[in-house]
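Noted in TrEMBL for the protein shown:
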- HIS165, ASP189, HIS191, ASP193, ASP282, ASP284: Mn(2+) binding site (BINDING)
Amino acid sequence: MNTNGQKALELAAQISTTEKEKRKVKEIEMGLPASESVTDENITTFVRGEHPSYAGLATFLRSTYLEDVSKVGEVDVAFVGAPFDAGTTFRPGTRFGPEAMRNISKLYQTYHFEAGIDLKEHIKMADIGDIYSVHNLEKQFDQLSKAVSHIVNNGTFPVVLGGDHSIAYGTIKGLAEATEGKVGVIQLDRHLDMQEKEMDERMHDTPLFHASNLPNVDPKNIVHIGIGGWQNDVKGALAAKERGNTVLTMDDVDELGIDRIAEIALEKAWADGVEAVYLTIDVDCIDSGISMGTGWPEPGGFLPREVLRLVKKLAEKGLAGLEVVEVSPPYDHNNQTALMGTRIVCDVLSSLVKNKHLGA
């Protein structure tokens, strides 16, 4: 019986170990061989590799820390933190999200069992640290757009670790400024984030409204998935209707299925000559019984397997950037929300590599 598990075992046998062997040699050189009493040749005196998972410096997925961001074009993927939560309208804490995802990412290797892919054998990844957060929303948008534009202009795929969802205006603006053609946006969220203002400012429930004002972001290429519940404002709903955004609720997900939802989202986001699509994921799109560590928890969202299948499908056509926002460690239970955010990033990258949108 040729099960998916058996297929995964066959794929495992085909994975190249070239980069792994190179890293092993380098780790021993930099961390010194272990003491004579230690017989495991993978162990060094100083931790320089992926193990043990509780030790070592916390870069995302143990990737190289790239201190000189002028060299970001030398890697395929750049992980960047956006530790900012001045845009929250309820409870703060997402400024600690990037740190939490980096720490929990130590649990993951770069090999994905089902896909039969080791990311490090296909792409060069680096953690370039955090965007300096200034506690002024408008100045922070400028910081974010400059950072993302720099990454994209150097031909590198940005993965932004938030932070509250207000950052999406700055990140999308940065991509739009670095893209000659039209930009589409796919948002996974329980909330539309389409209000013009909240508390007289552009808070975390407003970024998609303002992104749709950008010259090369047509609202008709903005898709919201997972919307619903009792936390959406009528003003945001009316703005989405007036501008022609595509809205897919959790009821739509139940009725149509994940694969059809992905098809609709890709069709709308890429329509009319769009050149680049950005994927912005708020972890509150996942049911609050699982994703507790977030700024605005709402019951009735995705289950983990549903959202993981969806993001892999959305990445099959290619993406220009990715962000995961609203991980709030002070409210997280056993790091489950941070782990979920990390897993989403890994699965998107795996799908991009598998479908030859990243790496060799």
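Glycine residues also receive a Cβ, built from the backbone N, Cα and C atoms like all the rest.
ASP189 (Mn(2+) binding site) counts 27 other C-beta atoms within 10 Å of its own C-beta, drawing on all protein chains shown. When the binding-site residues HIS165, HIS191 are scored by other C-beta atoms within 10 Å, HIS165 scores highest.
Long-range Cβ proximity for ASP282 (Mn(2+) binding site), meaning a same-chain Cβ under 8 A and a gap of 6 or more residues, is found for HIS165, GLN187, LEU188, ASP189, ARG190, HIS191, ASP193, THR294, VAL325, GLU326.
Mapped onto three states, the DSSP output places ASP193 (Mn(2+) binding site) in coil. Long-range Cβ neighbours of ASP284 (Mn(2+) binding site) (same chain, at least 6 residues apart, Cβ-Cβ under 8 Å): ASP189, ARG190, HIS191, SER291, THR294, GLY295, TRP296, PRO297, GLU298, GLY301, GLU326.
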